């Protein structure tokens, strides 16, 4: 009998490194997770130690195989998914980082972005990289490291230094420095990559003074990049054959591989991505244009919108307002009332993200009357997550001209049946919740497995995409539009709160 084979997904996130073993039926066999230190040298600055990222990720790989009691020769392939935009520069000769990893959340390069704005580069960046000019992305982070570590510009030009996002760093370490690659999804988050020519953008490299010599080769999201012999019993060299940034991996894990398919991840905030097929749609409505994975890991495009406050607004109810003891309680209290009694909560605690991009908006509660109680406010806070999702979806439909027929959902808050039903009601579309909630790891596993023939094609995977529950709209169009109009009015009044009158 042939020995049973498995796929390992490495999921390198912002606060922890995880490894997940899956079998051919996409069942999760074992999981290992290790947290690592968040470094805050100054307000608004966020760093990670690249060696700690590597140590935690490599140890979870060993642990996850031991937990499942399988040897490395039973692993058909490894797939990698990662926190996007986080930037690492290291020495080619020694493999030592020349500075800590600058994390996607870090705002230290705001001044560099202001200079680029003054130089009139905003439109060029949006048109060619698909991104908005913001410290979020890798390009200005690389420049900052080269500007602040003595001698590094010259060393980079001599080919002595290498740059990579987290996927690139992990593969470099796993292959003992033999392979320096990234995939199209991660490259598209650097602000250095032209999403139309599918090559590094010479103008952006020149503007930021980043030598091409230090950049990784950009490859498809599903192919064999190299092999590793790290991890567990047995000495087999395991192919590394899938890479995707975390949100694109979730999109693929949800099998949103056709034009017009979309997923929303409900975490601290919300990330919604819609696959736009072979067409890069330039957003006129505050969204990002990014690269996603097609059916065999080839380049597709997507529109992406980020909402800042989703699960975080439930935490606010619990930690600051003390209205609930546990996030799970929110559903119970929300369903104790029939509606919000006219109340709208706009959770703009740190401003508003897509599609408004208003850093001066602030949180507000509107429509308070004498009959309003705590349950109404809890319900209105949950509803705000669904309203913000509709805001992003309306922008996506306006940009793409595509009408969404079903939204696939994942993340912690999807366990809340009230929220999922209201999401369906307010969108006027089906909401599909999958049985397997580990969709980010699943996406990386699928990409890796397809590359080595572990799964033959996407049709085989469609059978495994079991929808645990489907939510369908339960309110009339007039009621839906009336409620949404109230939300829009509330948002308008919360905007520009911090701005002072001239």
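Using the three backbone atoms N, Cα and C, a Cβ is placed for every residue, glycine included.
Sequence annotations record features per position, and here Swiss-Prot assigns sn-glycerol 3-phosphate binding site to 14, 84, 85, 136, 246. According to Swiss-Prot, the ATP binding site annotation covers 14, 15, 16, 268, 311, 315, 412. Under the heading ADP binding site, Swiss-Prot lists 14, 18, 268, 311, 412, 416, citing sequence analysis as support. Annotated glycerol binding site per Swiss-Prot: 84, 85, 136, 246, 247, in sequence order, evidence recorded as sequence analysis.
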Seminar exercise, completed: Going by C-beta under 8 A and a gap of 6 or more residues, the same-chain neighbours of residue 311 (ATP binding site) are 266, 267, 268, 269, 327, 411, 412, 413
For this session: With a 10 Å radius around each C-beta, find which of these binding-site residues (18, 84) has the fewest other C-beta atoms nearby.
Result: 18
Problem set entry | Site diameter for ADP, Å, by largest Cα distance between 14, 18, 268, 311, 412, 416 | 25
For this session: Could you say whether, by DSSP, residue 136 (sn-glycerol 3-phosphate binding site) belongs to a helix, a strand or a coil region?
Result: coil
Exercise. Closest of the binding-site residues to residue 14 (sn-glycerol 3-phosphate binding site), Cα to Cα, picking from 247, 315, 416?
Worked result: 247
Exercise. Taking DSSP three-state, what's residue 315 (ATP binding site) in: helix, strand or coil?
Worked result: helix
For this session: Restricting to the same chain and to sequence separations of six or more, state which residues have a Cβ under 8 Å from that of residue 16 (ATP binding site).
Result: 33, 34, 35, 36, 56
Problem set entry | Cα-Cα distance linking residue 246 (sn-glycerol 3-phosphate binding site) and residue 315 (ATP binding site), given in Å to the nearest integer | 23
Exercise. Out of the binding-site residues listed (15, 18, 416), which are within 10 Å of residue 84 (sn-glycerol 3-phosphate binding site), Cα to Cα?
Worked result: none
Exercise. How far is it from residue 416 (ADP binding site) to residue 247 (glycerol binding site), counting Cα to Cα, in Å?
Worked result: 21
Problem set entry | CB within-chain contacts under 8 A for residue 246 (sn-glycerol 3-phosphate binding site), separation at least 6 | 11, 13, 81, 82, 83, 84, 440
